[in-house]
Structure formats: C-alpha cells, structure tokens
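A.B. asks: Straight out of TrEMBL:
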type: REGION; residues: 1-26; note: region 'Disordered'
type: TRANSMEM; residues: 59-77; note: transmembrane segment
type: TRANSMEM; residues: 89-109; note: transmembrane segment
type: TRANSMEM; residues: 164-187; note: transmembrane segment
type: TRANSMEM; residues: 215-232; note: transmembrane segment
type: TRANSMEM; residues: 253-275; note: transmembrane segment
type: TRANSMEM; residues: 315-337; note: transmembrane segment
type: TRANSMEM; residues: 402-425; note: transmembrane segment
type: TRANSMEM; residues: 431-450; note: transmembrane segment
C-alpha cells in the first residue's frame with residue numbers, strides 16, 4: 001500500500017517545510033490553490049501510487065491517438081504478411097513514443113508534454129509510395145511477373161526511413177541554431193492565440209474519423225468526462241492509504257477530478273463490451289459501427305509477441321532521394337510550428353511561465369533527435385507533441401513533469417511487452433474520439449483565453465484576430481479541395497528528365513575528374529561505408545543504392561558482391 005501524503009496536515013501546518021493540502025484533500029506542495037488552479041504543477045512530485053495512475057491516464061490517451069499510424073503504414077508498404085508487420089510497427093511506435101516523451105520532458109522543453117507519432121508525415125509518405133518504383137503491385141503485375149514493382153516491402157520502408165532521417169536532421173539544425181528562438185522575439189498574444197486555437201480546430205477531421213464509427217458511444221464518453229471533471233469533481237471518496245504516523249488508514253481524495261479519463265474509458269469500455277456481447281453492434285467489418293465493438297481488433301492481441309525489443313535498422317540500410325526529402329521536410333516544418341504552439345499551451349495549462357527561447361530551441365532540437373531515432377528504429381514516422389494530451393491537463397489539473405515521464409516509461413514498457421500494449425490497443429475508436437472531443441476542445445479554448453492579455457476593443461487587434469482565424473481555416477480547406485489548381489509543371493516541362501540524362505550519361509567521361517580528386521577517390525573506394533556519405537566522391541546513386549543489381553561502373557563481380565554484404 002502506498003504511503004499517504006495527503007493526511008491530516010493540521011498538526012504540521014505551522015512548521016517549516018510544511019506541505020499544504022487544498023480543500024479537496026490533495027497535497028499542493030506548499031502552494032495555496034484556487035478552485036480551478038492546477039493541483040500538481042510542473043516541478044511537483046505526486047505520491048507514487050497517484051503518479052502511476054496519472055501516468056496511465058496519459059498513456060491511454062497516447063495509445064488511442066497513435067494506434068492508427070501502424071495500421072496506415074502497414075497497408076501503404078504492401079507487405080505479404082500485413083498482420084505481422086502491423087504488430088511489429090505497433091511495438092516500435094509505442095516504444096518510440098515513450099522514449100521521445102522521456103527525452104522531451106527531461107532534456108527538451110521540460111514541460112509536461114507527450115510525444116506521439118505524427119500523422120502529418122502520412123501525406124508525403126503516400127505521395128512517395130505512388131511513384132512507379134515504389135507503388136504496390138497489382139494482381140496483373142504478379143500474374144505477369146513484373147519485376148519492376150515486385151520488390152520487397154522493406155525497400156519502401158527504407159526509402160521512408162532515409163528521407164525521414166534527413167528531414168529530422170534539418171529540424172535538429174533549426175533548433176540547435178536557435179532559428180525558432182529568434183522569431184519568438186516578435187511573437188506575442190496575437191500570434192500565439194490563433195496558433196494554439198487552430199491546432200485544436202485543424203484536427204477536427206481526426207476527431208470525426210474516430211467519432212463517426214458510433215456517435216452514441218463517443219457522446220457518452222464526452223458526457224462522462226464532463227460529468228467527472230466539471231460537475232462532481234469536488235466529490236471526495238474514501239481510499240485506503242498508509243503513513244508512518246497513522247499506519248494503515250482511510251483518507252479522502254477527489255477521484256473524479258484526478259482520474260476522469262481513466263474512469264470514463266473504463267465505464268464506456270465495459271458498456272461497449274455488454275453491447276458487443278448482446279449483438280447490438282454489427283459483425284460486418286465493412287460497417288463503420290463495427291469499430292465500436294470491443295473485439296474489432298482482437299487479432300492484434302494474437303499477432304503481437306510477448307517480448308519484442310526494437311533494434312536499429314531492422315529493415316536494412318536506409319535510402320535517400322531529393323523528392324522524398326522535400327516532402328518530409330514540408331511535414332517537418334509544419335510539425336515545428338505546431339509544436340511551438342503546443343509548448344505555449346502546455347505552459348498555460350500547467351500554470352508555468354511562457355517558455356523562453358532557449359527552452360523552445362531545445363525542445364525543437366530534441367524532437368528532431370527523437371525523429372532521427374524513430375527513423376533508425378524503423379517506425380516509419382516522426383514524433384511530435386500531442387495536443388490532445390495537453391488538453392487533458394486542463395481537465396485533470398495534473399501538470400507534473402514526473403507524471404509525464406512515468407507515462408513515457410509505461411509506453412516503453414508497452415512497446416517491449418507486446419501483449420500489454422495490444423490490450424490497450426483494443427479500446428474502441430468511438431471512446432478515443434470522445435476523449436479527443438474534450439481534449440482538443442480545451443486546446444482550442446486555451447488559445448482564445450490568451451487573448452485576455454490583448455486590448456480587445458482595438459480595431460487593429462480584432463482585425464488581426466479575425467483574419468488569422470479565417471485564413472487559417474480557409475487556406476488548408478481550399479488547397480484540399482483544389483489540389484489540381486496549384487501546378488508546378490511536368491518533369492519534361494521543367495527539364496528535369498533531360499537534365500538527368502545530361503548529368504548522368506551512360507558512359508563514363510573524363511569530365512568527372514573536375515568534381516573529385518583521383519588519389520582521394522581511390523583511397524575512399526577502399527572504405528565501403530563512404531559510398532553512403534553524400535559528400536564523398538564515391539557516393540553511389542541510382543540502382544546500387546536501392547536494390548541488389550550490378551551497375552555498370554563496377555567491373556569486378558567479386559567487388560560488387562562484397563559491397564552488398
């Protein structure tokens with residue numbers, strides 16, 4: 001039984017180093033809190049038993065938001081055994097979410113922030129895999145034995161890994177050089193408010209994708225969350241506790257205020273199980289309401305292994321391309337601006353000071369480092385801050401950094417022990433949607449709350465706010481609906497194909513000496529790894545880097561085989 005640190009404080013109220021409790025019986029680490037103030041601020045350390053439960057609450061939200069990524073990526077890579085690949089990617093994803101969360105909370109911006117898989121990178125991955133050399137084979141391709149598309153699925157993953165790593169290196173450079181911090185000198189409430197609010201509003205399609213499976217279950221989850229966190233949040237329930245002075249005894253805690261997400265998920269999950277067993281939900285997997293069943297993803301439980309520790313480069317050496325890098329870079333830049341807004345939102349919810357420039361620079365750099373690790377580990381996606389988990393701070397009033405580090409450790413544990421993570425992955429989509437409804441709604445509202453520092457009677461300020469919100473919602477929608485209008489020209493029109501033909505002739509030319517030193521080139525040719533270094537004269541592009549076929553510049557078959565070992 002855990003030690004009680006929220007017992008009778010009246011006997012020690014006048015001593016030095018006293019620990020105060022609020023009117024709900026919760027220790028506040030010496031702070032006198034108002035009714036709506038955060039219970040555990042950033043630097044506070046809750047009792048061990050509460051820390052574990054608070055961490056589990058955040059971990060549950062992360063698993064629900066990240067779960068769709070392994071499913072999407074596994075289908076895009078077209079593996080022969082998709083279920084096995086999906087289970088492997090799920091394990092790697094949860095492991096990386098936990099590792100990135102720990103690093104961000106301890107070394108990065110040091111605010112209570114959960115790092116999860118970024119869905120922003122799905123779009124460039126889809127675009128990359130539609131290229132002819134990476135597209136999935138059709139039945140006719142398999143029938144005719146079309147070798148150009150009948151490639152191992154790992155080759156597609158390696159292309160994603162390589163370009164993700166390159167884009168993440170760029171993010172590390174942006175954070176390390178302090179470029180984001182320089183911009184922040186000109187950033188005020190008029191900039192931060194629309195940025196934070198639009199983060200929540202721009203994710204409405206993600207929430208609707210979860211909720212439209214079964215709106216009744218989603219709204220029930222939302223109603224319970226609102227009930228627990230806003231109506232009966234002051235109700236204190238007796239729980240067993242232990243302290244050195246009072247030994248085993250009973251104390252009272254505001255359970256509904258501290259654990260609204262865990263309680264809401266547990267109640268609705270049980271209710272969904274009853275409806276599933278009674279046949280209320282359809283059994284046809286093509287029906288959207290099928291996702292409301294508690295057994296809709298039961299195969300994950302059987303496919304996942306008991307123990308699976310992710311290792312670097314599980315799918316081989318990553319490959320790179322300019323087009324893939326540019327797509328990943330665009331997603332990376334979008335993730336950077338979103339994360340800056342999340343940092344300010346996390347500071348507001350946890351009642352901390354606005355993050356200084358050095359903390360934001362460090363946070364962006366650590367996100368880049370974690371995304372590099374994610375690419376090396378084969379997750380297939382970058383990691384970024386999760387806005388939904390930040391919104392949960394506003395509901396639970398728990399902003400302790402230790403709690404989020406604990407949640408990160410749990411996610412690492414879930415990734416290593418596949419069966420445990422698979423059980424949490426069984427949470428139906430509509431339940432996740434209900435929690436995101438309130439969480440992202442809190443993020444949107446906290447952005448509006450930032451406007452209290454502005455003079456809202458100023459015509460200039462009102463104009464800036466209105467235009468910022470309108471364009472922030474309008475431009476992405478217009479681009480999504482009119483993608484064909486924005487055209488950059490064909491490769492032939494831009495001369496790319498002819499340029500490549502000129503720059504890469506079929507036969508060797510003595511002009512190549514202009515760009516390399518022959519003595520140095522001969523020395524580097526003896527070091528096999530140098531052909532993967534983009535600044536090395538021996539750097540190989542084309543087929544040698546992508547598949548195992550012999551290319552023309554190699555004259556010794558034995559040498560070619562040795563370089564592919």
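Glycine is no exception: its Cβ is also placed from the backbone N, Cα and C atoms.
Keep in mind that TrEMBL annotations are predicted by a computer and have not been checked by a curator.
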A.B. asks: Are there at least 3 C-beta pairs under 8 angstroms linking the transmembrane segment (253-275) and the transmembrane segment (89-109), leaving out pairs fewer than 6 apart in sequence?
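C.D. replies: Answer no: the transmembrane segment (89-109) and the transmembrane segment (253-275) share fewer than 3 Cβ pairs below 8 Å.
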A.B. asks: Checking distant contacts: for the transmembrane segment (315-337), what same-chain residues at least six beyond its ends satisfy Cβ-Cβ under 8 A?
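C.D. replies: Non-local partners: 118, 120-121, 123-125, 127-128, 131, 154-155, 157-168, 170-171, 174, 180, 195, 364, 367-368, 371, 375-376, 378, 382, 384, 532, 534, 545-546.
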A.B. asks: Residues of the same chain, at least six outside the transmembrane segment (402-425), with any C-beta under 8 angstroms of its C-beta?
C.D. replies: 40, 44-46, 51-52, 54-60, 62-63, 67, 87, 90-102, 105-106, 112-115, 297, 300-301, 303-310
A.B. asks: Please indicate, using numbers and ranges, the residues of the same chain that are 6 or more beyond the transmembrane segment (164-187) and have a C-beta under 8 Å from a C-beta there.
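C.D. replies: That would be 121, 318, 320, 325, 328-329, 331-332, 335-336, 340, 357-358, 360-369, 371-372, 374-376, 380-382.
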A.B. asks: Hey, which bits of the same chain come close to the transmembrane segment (253-275), Cβ under 8 Å, at least six residues off its ends?
C.D. replies: 6, 24-26, 39, 50, 53-54, 56-57, 60-61, 217, 220-221, 224-225, 227-229, 232-237, 239, 281, 292-294, 392, 395-398, 427-428, 430-431, 434-435
